[in-house]
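Annotated in TrEMBL:
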| type | residues | note |
| --- | --- | --- |
| DOMAIN | 5-224 | domain 'Ion transport' |
| SIGNAL | 1-16 | signal peptide |
| TRANSMEM | 26-44 | transmembrane segment |
| TRANSMEM | 65-84 | transmembrane segment |
| TRANSMEM | 126-145 | transmembrane segment |
| TRANSMEM | 165-182 | transmembrane segment |
| TRANSMEM | 194-219 | transmembrane segment |
Amino acid sequence: MRTTTYFFIFLNLSLAVFEEPAVYPLPFLVTSLVEVLCLLVFFGRLTHFAKVTLRNVFWKDTKNICIMVAILLSLTDLAIYGVLRIYNVRSIRWSRIVRPIFLINFAESRQIRRAFRSIRNTLPEITYVFLLFMFSLLMFSLMALKLFGERNLQTAEGLPYFKNYLEIVFDLYVLVTTANSPDVMMPAFDFSSWYALFFIAFVIVNTYIFMSLFLAVVYNNYKKHLKVM
């Protein structure tokens, strides 16, 4: 039973590869029949749980409620998508995001739920570090707007450089990963080499200090919660 459950969970999650937009597209009828089969297997497992479990215990178990809701949402979405497809109305399968619920909430996935609960319990404790990082990012973005916004600088593509605050926030957020380094600073560097100090300070503060601090907080809190469970 455990192997069968894992097989159909894997099959259900793998449908994303074959559904539109797909890597290897299959006809809608094929993917829908496979999904219905998977949902029937999940419903059968849920019915089996209900038969061997006391009624009040079964309905108090959040895992069972989540599985039931996920099955209903998936069937509803599949029906709506099929009807819209008949009338050539373009839509998306929004229920795909609920498919991992089956992997998490079946009884065989105890270790996955344990890890998931540890992540959930860790999130509130890393919020303060994340907010502090975002505050630093927003402040550096404001400084960049004041430094470069009135210089009439242009990128290599001829676009305005650091004129829009939200675009600056995004560019500096990417710079935290160093993915756009040093391209993001070259227009300012060409104007004056002293402007490189701004980007060096940004990388030191946000990439080396905040990212290391963020990683340490996540690791320590996750390890603490994992030991408790």
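Cβ coordinates are placed from backbone N, Cα and C, and glycine is handled just like the others.
A TrEMBL annotation is a machine prediction, not a hand-curated record.
The list of residues near the transmembrane segment (126-145) in space but at least 6 beyond its ends in sequence, with Cβ under 8 angstroms from a Cβ of it, reads 162, 165, 168-169, 172-173, 176, 198, 202, 205-206, 210, 213-214, 217-218, 221. In the predicted model, the domain 'Ion transport' (5-224) shows an average pLDDT of 88.
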